[in-house]
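Here is the structure we will look at.
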Amino acid sequence: MIVVLIILGYIVIGIIEIVPLVKKNQKRELMLYSILFGVAFVISVLLGLGVKIPSPAKPIEKVVRMVIGK
Amino acid sequence: MHKEVISDREGICLVILFISGSTLAMPTGAAAGRDLWLAILFAIVIAIPILLIYAKLLSLFLGKDLFDILEYGFGKIIGKGIGILFIWFAFHLGVLSIRNIGEFPVTVSLPETPIPIFTLSMIMLAIWIVKEGIEVLGRWANIFVLFNAPIPSMIILMLIPIMDINNIQPILYDGINPLLKGTFEAFAFPFAETVLFTMIVSSLKTKKSSYNIYIKGLLLGGMLILGVSLTEVLVLGPDLYGATFFPNHVVARKVDIGETLQRMEVIVILATTTASFLKMSVCLLAVCNGIAKIFNLDDYRGFVTPIGLLMFNFAIFIYKSINEMTMWASSIWPYYAFLFQVILPIVLFIVVMIKRNSVST
């Protein structure tokens, strides 16, 4: 159920934001926008489905602990 | 497109609100225990030269931001690489403050509500204000600083009857090491995070503005943090201060004057929410600005929404629980942030100074 809501939400945002970009014909911005938007959409759907996504905090923690030697 | 300019006063308000952002809610420098006030004082003193370096960089390149300066200093490819690292740092800080703003109401007053409800409503507003630009953000800060500076001061005054001076005595009882650790934490957690302002404030009025904004903002914001933290320790004692997730809220609940003036925590929630909102807006603005610079785009407004949504998503899965968040903020964050707050800016500063001198001679 929540996934349907997420998809609906993204469709609404997409219509509001992407259509003006297409009209203005800004290719680079449109590409960047689509990539970021796609990534955000995929993560949202995965979270909505209850998939455990590995957190970026863990590897950073490991690196930091390695550097400070604890 | 007209050039956006913020006045010094707005800049100072931005820095004050940014510094007090998450720190009004979460404890900082808890490692110092009863010497917390000393730790924060030291952290302010240590932060002054670092912030002077940021200010100097900004005033050398008036009208440019950190990403332009990085490209000037390190050349195109390495400059952009370091720029991406800085973008990640701003992104991570934004994620942290969004998570913080979500955990705060859930922990203190609305335990049944899921966190995304709060974070989503805040990120929507943040996307809006970032799309309006830094001028609007500055004017917003100019108004809402009124919620953050005078109101905590009033609460401090109301708490005087239940303060206990024995909570901070004897000074330096546990030796110098906890004090240094607390200083390091307090330095990294609110004060040196102002490195983000080098990424957004490319629109200052004069060459003196950056010094003005940084130093006045640091001193005023630092005084606010110092007063609030000192009150917290005086009222709660060092052990309870370290043990609670949001000591400011706990302290404000204790206000009770003649059984009429009670339940001041609503005011604290207001102050915390506004300041954290500003903090995450600044982070979002920094990320968007950086990405626009890296990809040579004229305007960052086109892709504020997906980045805001990304931040919102990351805030959900980056930490499993509030325990992990506070542990991370106190034991990993200071070392991790040290790279971005101190090492890279100093290296950049040295490189820029050498380059400028060799050009002029």
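Placed from the backbone N, Cα and C atoms, the Cβ positions cover glycine too.
Owing to the predicted nature of the structure, the values given are computational and were not obtained by experimental measurement.
Pulled from TrEMBL:
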type: TRANSMEM; residues: B:12-30; note: transmembrane segment
type: TRANSMEM; residues: B:36-62; note: transmembrane segment
type: TRANSMEM; residues: B:113-130; note: transmembrane segment
type: TRANSMEM; residues: B:142-163; note: transmembrane segment
type: TRANSMEM; residues: B:183-201; note: transmembrane segment
type: TRANSMEM; residues: B:213-236; note: transmembrane segment
type: TRANSMEM; residues: B:266-288; note: transmembrane segment
type: TRANSMEM; residues: B:300-320; note: transmembrane segment
type: TRANSMEM; residues: B:332-354; note: transmembrane segment
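In this chain, the transmembrane segment (B:300-320) lies in contact with the transmembrane segment (B:113-130); the count of Cβ pairs under 8 Å, excluding pairs fewer than 6 apart in sequence, is at least 3. Sequence-distant contacts of the transmembrane segment (B:332-354) (same chain, at least 6 residues past either end, Cβ-Cβ under 8 Å): 50, 53-54, 56-57, 60, 69-70, 72-74, 82, 85-86, 89, 96, 184-185, 187-189, 192-193, 195, 198. Comparing B:36-62, B:142-163, B:213-236, B:266-288 for CB pairs under 8 angstroms to the transmembrane segment (B:12-30), the maximum falls on B:213-236.
If one looks beyond the transmembrane segment (B:213-236) by at least 6 residues along the same chain, the residues whose Cβ comes under 8 Å of a Cβ in the stretch are 8, 11-20, 23-24, 27-29, 34, 36-37, 40-41, 43-44, 47-48, 51-52, 54-55, 148-149, 152-153, 155-156, 159, 162-165, 167-168, 186, 190-191, 194, 197, 201, 204, 244, 247-248, 250-251, 254. Against the transmembrane segment (B:142-163), the recorded stretches B:36-62, B:183-201, B:266-288 differ in Cβ pairs under 8 Å, and the greatest number is found for B:266-288. Away from its own ends, the transmembrane segment (B:36-62) comes close to residues 28-30, 68-69, 72, 168, 171-172, 179, 182-187, 191-192, 194-195, 197-198, 201, 204, 206-211, 213-215, 218-219, 222, 225-226, 229-230, 233, 238, 241, 341-342, 345-346, 348-349, 352, 356 of its chain (Cβ-Cβ under 8 Å, at least six residues beyond either end). The list of residues near the transmembrane segment (B:183-201) in space but at least 6 beyond its ends in sequence, with Cβ under 8 angstroms from a Cβ of it, reads 6, 11, 14-15, 18-23, 28-32, 39-40, 42-44, 46-47, 50-51, 54, 57-58, 65-67, 69, 86, 90, 93, 134, 210, 213-214, 217-218, 221-222, 225, 282-283, 285-286, 289-290, 329-330, 333-335, 337-338, 340-342, 345. Sequence-distant contacts of the transmembrane segment (B:266-288) (same chain, at least 6 residues past either end, Cβ-Cβ under 8 Å): 14, 17-18, 20-22, 24-25, 87, 90-91, 93-94, 97-98, 100-101, 104-105, 108-109, 122-123, 125-127, 129-130, 134, 137, 140-141, 144, 147-148, 151-152, 155, 196-197, 199-200, 248-249, 252, 300-301, 303-304, 307-308, 311.
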